[in-house]
Each structure stands twice: as C-alpha cells, then as structure tokens.
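**Student:** Before anything else, here's the structure in question.
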Amino acid sequence: MKPRVPKRWVAELLLAVVAAGWGIGFPVMKMVVNTYPVMMVLGLRFLLSAFFLLPFSLRGLGTLSRQTFLSGLLLGLLLGTSFVFLIYGLQLTTASNTGFLAGLSVIWVLLLTGPLMGKRPSFDAILATLFGLAGLYLMADIQGWQLHLGDGLVVIGSLFTAIHIIALDRFCARHNNMTLTFLQISTMAVIFLGLQHISGGEILPRNWSSKLVIALGITAVFSTVIAFWVQAHFQRYSTPTRAVLIYNLEPVFSALFALWLLHETFSANVIFGGGLILIGMCLPGILKIFSKRSNVNPTDRLRGL
C-alpha cells in the first residue's frame, strides 16, 4: 500500500509552521547572544538537536548508504555555510540590510530552479516573489541605503540558502528524511563548534544561566528538530519557489514572538510588510481560483442558478 500523499495546502501549512519555528528562534537567541559567543550557542543548539534526533535515526543509520550520507553531509554544509555568511555579514552591516538581503534567496531560487532542475518559474510565482520582496523591504525599513562588506556576505549567504532549498527538494524524495535531518544537523554542529574552537574560544560555557538553558531547549526542539524534520518531509509536496516564499514568513513570526516575549512594538512598516508577504504567499492560490472561474462555461453558470 502506497503512503498517502498530503494535499499541497496541508504541506504548505506545515512549512509555515517551520517558518514559525525559525521565527521564535530570533527573539529567544537575542536573550543570550550578548552574553555567550554566537558560534558556541549555535553549536550547542545543533549538538543538542542531534542528541534528540539520535534515537529516532538509529534505524536509518543502521542501513546508511553512501549516497544518503553524502546527501546529508552536503545539506549540512550548504546550510551551515549560509548561517556563517549571514552571521558574519550581520556583524559588518545593519540588521535592516541583513533582513532584506537574506530574503533575496527567493530571487536565487527563481534563477536557479531552471538551470538546476529544468523547471521554468511560472508568472504567478514571479509575481508572488515580487510581493514577498516588497514586504521584506518594508519590514527592513531601510533608509539611506549604504552598501557595506557585510552586505556582500549576506547576499552570498542567501545564495547558499537557495541552493540548500533546491538540494533539499531533490534529496528528500530519494532518502530517509529522518536520517537526512540527523546528518544535516550533526554536520552543522561540527561546523559551528569547530569555528568556535578555531577562534580560540571555549566550546562549553563556564556558567550555565537559566536563559541559556531555556534558549537552547526552545531552539533545539522547535527551531531545529521539529522545523528541520517537517521541512525535509513536506517540502517535496510544494515547489522550491513556493517553499522559499513561505519561509519568508520567518520575519513576520519573529516580529510576533518579539512582541510577545521581548515586548517590542510593531511599526507600520512591519504590519504592511508582513501583509505583503502573506499576499505573496497566497497569491498563486488566489489566481488559480479566479482562473478556474473565468474558464467556467456560461451554460454551466446558468445551471447553477
């Protein structure tokens, strides 16, 4: 009996849950990164996530093939590299520039889907992407744009994000999703803890504050284990372009969680920008409904009266 394939809207709703999981990570991480090194916190987050996933991955690891291992390793390297460029880019430019330029992964996916997957982006996907980028620009609230070295690093990071999404779309249909998720997360733990060690810093903190423990627990479970597994399992039922549009809900959820956890306030730009991102995400479905209505035979319409 073949496994039941979820409807596309169900899969995409779950991808929105992924964006929510990533979104909560920002305000939670903000509570500890001023006290602890970023690479240490990220390394511990992914190491803890790998431990959580290990019992569920033992079966797949027992029959691990070379192709699955290399696929998981590549996914971890791609996303880990993306994180590194975004983190170092953020340190050399403004948060608003980083927020907008990181969203350029939408454009990269559109440009790379054709050459890498042989699929041409549809008109509604391009239109939805423009809405999403406009929303990101408003949320970033960029005034008097000045380019920095960090901007280039963030753009490179967004490119690796896009390649990761496309690679995930290809690999997840061929390999065990739980095993891929475990390998990807483990690779990222090695990358961040390795960078922390190379920089001469301590891998483990001397003082474990309650905020650090809570931040690691929330980001390991919700922002990593659950989010990454759902992404690996359900993204294949959407398209890379649609998926990256949904993932751009991350700053919207981040703003909502910051309002709740950090008592930050919303600006008009955040509200309107978030609205444009939501419109961009829903636009293909709306256009599809209107397209179906316009194609209805006039006689059939009269019969419905």
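Glycine is no exception: its Cβ is also placed from the backbone N, Cα and C atoms.
Feature annotation from TrEMBL assigns domain 'EamA' to 11-139, 149-283. Taken from TrEMBL, the feature transmembrane segment covers 9-29, 35-56, 68-88, 94-111, 123-140, 152-168, 180-200, 212-232, 244-262, 268-287.
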**Student:** Suppose I define contact as three or more CB-CB distances under 8 A, residues 6 or more apart in sequence; do the transmembrane segment (212-232) and the transmembrane segment (9-29) meet it?
**Tutor:** yes
**Student:** Examine the transmembrane segment (68-88) against the transmembrane segment (152-168) and state whether at least 3 Cβ pairs sit under 8 A, considering only residue pairs 6 or more apart.
**Tutor:** yes
**Student:** Compute the average pLDDT of the predicted model within the domain 'EamA' (149-283).
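**Tutor:** On average, pLDDT over the domain 'EamA' (149-283) sits at 86.
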**Student:** Hey, does the transmembrane segment (123-140) touch the transmembrane segment (244-262), meaning at least 3 C-beta pairs closer than 8 angstroms, sequence gap 6 or more?
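**Tutor:** Between the transmembrane segment (244-262) and the transmembrane segment (123-140), contact is present.
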**Student:** Take the transmembrane segment (152-168) and find every residue of the same chain, 6 or more past its ends, with a Cβ under 8 Å from one of its Cβ atoms.
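**Tutor:** Same-chain residues near the transmembrane segment (152-168) but 6 or more away: 71, 74-75, 78-79, 81-86, 88-90, 92-93, 97-98, 101-106, 108-109, 112-113, 116-117, 231-232, 235, 240, 243-244, 247.
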**Student:** Taking helix as H, G and I and strand as E and B in DSSP, count the residues of the domain 'EamA' (11-139) in helix, strand and coil.
**Tutor:** 110 helix, 0 strand, 19 coil
**Student:** Using DSSP, how many residues in the domain 'EamA' (149-283) fall into helix, strand and coil?
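**Tutor:** Counts, helix then strand then coil: 109 helix, 0 strand, 26 coil.
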